[in-house]
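Student: For reference, the structure I am asking about is given below.
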């Protein structure tokens, strides 16, 4: 045992001189004078400061957005080395980062889904702002701007929020039938994504009241209540977001809360005097150079384009719905919203079609 311990300690000691590698190569930082001692470069007492927007930056699906980030020194000075800039996307709990972009001087590399969509804004001295083109739904979230000058490494966080709408979703086979992964898939199939807690909270603050529990993107199950009532947690609870906490992503089954942003195209309505079956509706949209609209398309058109149609129409998931912005007689309840006839197995209706610009 002593020999084994000694060999282990020798192995650790022999590797202890290797510098920690965090994804960047530090050049001319350690200065070996030839006497076996390493000396850290002198920074002359200057402090590196990184600043981003304290307020959220708002954008929408398909837009271009700039996430501001600037750095400076206190006292002011010019950098003596090439500055490294790294942007990462954070999880809500800050436990994991997704690489977005790294840049050294005018050279940069973007990663994953950000390839071809992200670059550093070269507008002014000490600029490190990130430009994201063709914003996707998945871009919503917190981003870290990290600036590295030799051994100096400072960062700050900026919040990108997409303007959009949260809608509850049940599949054709009924309530509480989706595990987490199925909920992710059905939201994507409807031109949306699983909503985050922040998106659900924003929807609740704007009036969303829904008594059925649904999955969120972090694997928790929650639901928003504006008007407390007995079947929805009880009369004694205050309005708010009710939470079941994290659930088993394979075994437990609930509905889904989906998030959709502004449309990249347009929605229009088609009809025939005798109506159409679902298959006839899909074909009619194709004949018009479009596709049958998804649920997320209809909600987005209702919220952002003011779509108001008192005629029910097929959607891609086999449901029949219609959007009302100006409530009136024979058009459902007295509040604005997207009305649903469910998933009729029979009957003929018009159709909502969607066409990309």
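Glycine is treated like the rest: Cβ placed from N, Cα and C.
No curator has checked TrEMBL annotations; they are predicted automatically.
Straight from TrEMBL, here's the annotation block:
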DOMAIN    62-158  domain 'Ig-like'
DOMAIN    165-260  domain 'Link'
DISULFID  211-232  disulfide bond
DOMAIN    266-355  domain 'Link'
DISULFID  310-331  disulfide bond
Student: Taking the Cβ of residue 331 (disulfide bond) as the reference point, list residues of the same chain whose Cβ is under 8 angstroms away and which are at least six residues distant in sequence.
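Tutor: Result: 310, 322, 324, 339.
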Student: What is the Cβ neighbour count of residue 232 (disulfide bond) at a 10 Å cut-off, with all protein chains included?
Tutor: 19
Student: Would you count the other C-beta atoms found within 10 angstroms of the C-beta of residue 211 (disulfide bond) for me?
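Tutor: Excluding its own Cβ, residue 211 (disulfide bond) sees 14 Cβ atoms within 10 Å.
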